């Protein structure tokens, strides 16, 4: 079987990036959403009844219970947690040693703390997916404080297979639920004739996608069903080429969604989960292609420089 050291490292780096994006995005929205004069003040979710801190944490696991003990109101505590999460995830991006099980546990705990008081604004599919994937990161990442843990975790296939299993559940359920909903637009293959103008935050390219002919929209729905329902079965194929083919088709679907609509970090998370389908040999293939491209560019620059010196 192929080694999975490089995909695992790339997965953890991408998760650190997604955490940073999530914390920064949430930080700038706190005053308007959860501040004392916000739409849904977070302080309403924390009822200080005089119970011991442990009982409060058990009833609602959020670090915001520590706010009064530190002399902070709920809004300030939320901003502090977001800044801490953003700084920690940025550090994990820049320093490989910080892509550690304990660091990812802290990031997961910080986001869970925000989720507990986030109400309807943090009850989206991508928030749940970030928490579930973030919890798996705790298992996938090495525990640097334990000697030899990095070598053991990097060769541990079981924990990384949990990422692949999550990807399968996500994609397969996304396809099946469209049919089990009995929505006539999905069964009639006309869903995309409405989708681009009714989605949450369409991009400028969504207008052009909406103008495509109806037959193209119907063909796109069929392609979506194929990619989301039967194709995920290939995630577990013993044939490497079938897994790589499934990887690129999943990437194609997610990139098309990103180009036509804004779903926060949902599609970035899905792309990151797709890394579980790769192996070291394929990542090295990417790196060799990149190095070859750099070498060709450097050679071209050197030739241009030589001609520049020779020409009067």
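Cβ from N, Cα, C; glycine included.
Predicted, not measured: the structure shown is a model, and the values here were computed from it.
Pulled from TrEMBL:
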DOMAIN    123-284  domain 'Lipase maturation factor 1/2 N-terminal'
TRANSMEM  12-30  transmembrane segment
TRANSMEM  76-95  transmembrane segment
TRANSMEM  102-123  transmembrane segment
TRANSMEM  129-146  transmembrane segment
TRANSMEM  158-177  transmembrane segment
TRANSMEM  215-235  transmembrane segment
TRANSMEM  247-266  transmembrane segment
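Each residue in the domain 'Lipase maturation factor 1/2 N-terminal' (123-284) has a pLDDT score, and their mean in this model is 91.
Comparing 76-95, 102-123, 215-235 for CB pairs under 8 angstroms to the transmembrane segment (12-30), the maximum falls on 76-95.
Beyond the transmembrane segment (76-95), the same-chain residues lying 6 or more positions past its ends with a Cβ under 8 Å from any Cβ of the stretch are 12-13, 16-17, 19-20, 22-24, 26-27, 30, 34, 42, 63-64, 66-67, 70, 103-104, 106-107, 110-111, 113-114, 117.
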